């Protein structure tokens, strides 16, 4: 009798696991529009000196059901893609031209967040794990181009600074002053200038 209870318990436990990922395609392919508007380099004349040109199902319907997105990353000299995360995708990118300083921060294991950084040159590849905060910085004096591949047709992006200081409605200054241990004037300044 114990064996039956054990078997039923094991079966119930095994069937309770869930797996979350992009669903399998419901069709073999999806015909895309013949549009080349995103074939040009991105405009890097901005405060950060960078531009991300996404190629997701929103821009290229042919990616529908394929579970993948791409992005072209353009950097001016010293340009930066600020710390951000993709909550639903792993990111793998290749440096096509130039040199990038890249890094990601581990999750809060044992109350520590560890920063991993590396310099990537033309032809190098790097991977950011799903959901971890990461960044890319052009260390050089020339332009940089990289191609990013993401493991979801809808990877999402959360830019840390914009999420904290630019949310609508804003996060209470009382919360932010306590978290960052700074005066309310600093928080007000950041909210106005981000």
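Here the Cβ of each residue, glycine as well, is placed from N, Cα and C on the backbone.
All TrEMBL annotations are machine predictions without curation.
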Of the candidates 134, 183, the one that TrEMBL places in the Mn(2+) site of 84, 86, 91: 134
C-beta crowding around residue 91 (Mn(2+) binding site), within 10 angstroms: 25
Cβ atoms near residue 84 (Mn(2+) binding site) (within 10 Å, other residues, all chains): 20
For the domain 'Cupin type-1' (37-188), the mean pLDDT of the predicted model: 93
All-chain count of other Cβ atoms within 10 Å of residue 86 (Mn(2+) binding site): 23
